[in-house]
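Trainee: Before I ask anything, here is the structure I am working with.
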Amino acid sequence: MRIILLGAPGAGKGTQAQFIMEQYGIPQISTGDMLRAAVKAGTPLGLEAKKVMDAGQLVSDDLIIGLVKERIAQDDCAKGFLLDGFPRTIPQADAMAANGISIDHVIEIDVPDEEIVKRMSGRRVHPGSGRVYHVVFNPPKVEGKDDVTGEDLAIRPDDEEATVRKRLGIYHEQTKPLVEYYGKVAAAGNTQYHKFDGTQSVAAVSEQLASVLK
């Protein structure tokens, strides 16, 4: 079972990825983790990637595709894999197809932008312990204070509203076209495309996922 998971930052992909991995015994392949592992292992592609990254440049699609092919040939991918954060663009999706990497299911978790902004910009963290609160969904007993220590809570830079909106803008510009792309691939009968409402409870989304991934 070869799966691609699409969705904006904050849509709940990580939680559902965990569910899929546990339910179906397939590894989650994140390009970031894969790059780090290849660099650490000192593989030819890893060394090439390190050279590019050390120069402060972006790793090319060809190099990433090479790493993906190398990774999915490993034993733990025998039953399939879950690609997270890749492909991000249509050229990357084209390159995957050209390299014979076929996909069984493309899953989109759809959450409106305003809901994502509310979810992410409402997060508060206790820097000392890493405890996470939310002003709406999981508020501390005393506003702005950690329940255990009474110390001030902070907003992570990634959760600042302006940052969240910027990341959403990049997602819509780069990744949203993939929704249309894979819709066409599915219409041609070459993959299955599933769209889920990510504003539902985690359990409801997991249940719906399980019903289509049988």
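Here the Cβ of each residue, glycine as well, is placed from N, Cα and C on the backbone.
So Swiss-Prot lists the following for this protein:
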type: BINDING; residues: GLY10, ALA11, GLY12, LYS13, GLY14, THR15, ARG123, VAL132, TYR133, GLN200; note: ATP binding site
type: REGION; residues: 30-59; note: region 'NMP'
type: BINDING; residues: THR31, ARG36, GLN57, LEU58, VAL59, GLY85, PHE86, PRO87, ARG88, GLN92, ARG156, ARG167; note: AMP binding site
type: REGION; residues: 122-159; note: region 'LID'
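I'm curious about the neighbourhood of these features; can you describe it?
Mentor: In the three-state DSSP classification, GLY14 (ATP binding site) falls within a helix.
As a summary of secondary structure, the region 'NMP' (30-59) carries 22 helix, 1 strand, 7 coil according to DSSP.
Over all protein chains present, the Cβ of ARG88 (AMP binding site) has 17 other Cβ atoms lying within 10 Å. For the recorded site, ARG88 (AMP binding site), the DSSP three-state label reads coil.
Over the region 'LID' (122-159) the predicted model carries a mean pLDDT of 95.
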Trainee: Around THR31 (AMP binding site), how many other C-beta atoms are within 10 angstroms of its C-beta?
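Mentor: Around THR31 (AMP binding site), other Cβ atoms within 10 Å: 19.
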Trainee: A 10 Å Cβ contact count, applied to the binding-site residues ARG123, ARG156: which residue has the minimum?
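Mentor: Comparing Cβ neighbours within 10 Å for the binding-site residues ARG123, ARG156, ARG156 has the fewest.
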Trainee: Taking every protein chain in this structure into account, which of the binding-site residues GLY10, GLY12, GLY14 has the most other Cβ atoms within 10 Å of its Cβ?
Mentor: GLY10
Trainee: Fill in the CA-CA distance, ARG123 (ATP binding site) to THR31 (AMP binding site), as an integer in Å.
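Mentor: Distance (Cα to Cα, whole Å): 26 Å.
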Trainee: Using a Cβ cut-off under 8 Å and a sequence separation of 6 or more, which residues in the same chain sit near PHE86 (AMP binding site)?
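Mentor: Result: ILE4, ILE29, SER30, THR31, ILE64, VAL68, GLN92.
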